[in-house]
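Noted in Swiss-Prot for the protein shown:
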REGION    1-36  region 'Disordered'
COMPBIAS  24-33  compositional bias 'Polar residues'
REGION    52-77  region 'Disordered'
COMPBIAS  52-62  compositional bias 'Polar residues'
DOMAIN    114-190  domain 'Death'
Amino acid sequence: MRPLQSYKAFEDHMAQEPVEDTDPSTLSFNTSDKYPVQDTELPKAEECNTITLNCPPNSDMKNQGEENGFPDSTGDPLPEISKDNSCKENCTCSSCLLRAPTISDLLNDQDLLDVIRIKLDPCHPTVKNWRNFASKWGMSYDELCFLEQRPQSPTLEFLLRNSQRTVGQLMELCRLYHRADVEKVLRRWVDEEWPKRERGDPSRHF
């Protein structure tokens with residue numbers, strides 16, 4: 001009889017205990033405040049735009065990658081890959097301050113002009129001279145013949161007619177017609193004599 005009395009006492013105790021309601025329809029709305037339900041639906045278009053705008057900038061992502069110990073492959077190029085020996089904009093080095101000399105500047109140096117005239121005036125069957133240079137820069141055959149008949153140096157006449165061109169363009173003609181001797185003279189003048197002349201005359205910069 002004792003086990004039966006114990007079982008009845010257990011039933012009475014269970015009847016007094018509150019029974020948990022497991023019906024989902026009877027869940028209290030207050031539960032969502034304590035345990036928010038995760039929204040698993042796809043975001044709408046407006047939400048996508050908001051998410052995109054709220055994304056951290058690339059700099060933050062880069063810093064995050066560096067903090068994690070991984071190099072950033074999309075960052076700026078390494079210094080070794082960048083161009084070497086290139087001057088920046090508004091550079092104040094001596095090479096950038098000097099303007100490119102023109103043939104007009106070359107004509108003011110009588111010593112240099114005499115050397116070029118001696119090298120380009122003579123006519124040789126296998127050596128390119130002033131005629132080839134002048135023809136390349138658009139001088140007609142009649143003009144070439146006319147300059148040959150004049151007592152003045154034809155090389156000087158050719159240079160006077162192209163005085164607005166740069167000395168660099170003249171050196172390109174020397175390379176084109178394999179006149180390395182003339183190019184060497186011009187190169188030495190540009191590298192050594194021209195900087196002295198340009199710095200010695202400040203009025204050229206104004």
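Even glycines carry a Cβ here, placed using N, Cα and C.
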Check your understanding: Per DSSP, how many helix, strand and coil residues does the domain 'Death' (114-190) have?
Key -> 52 helix, 1 strand, 24 coil
**Study point:** Overall pLDDT for the domain 'Death' (114-190), taken as the rounded mean
**Key:** 94
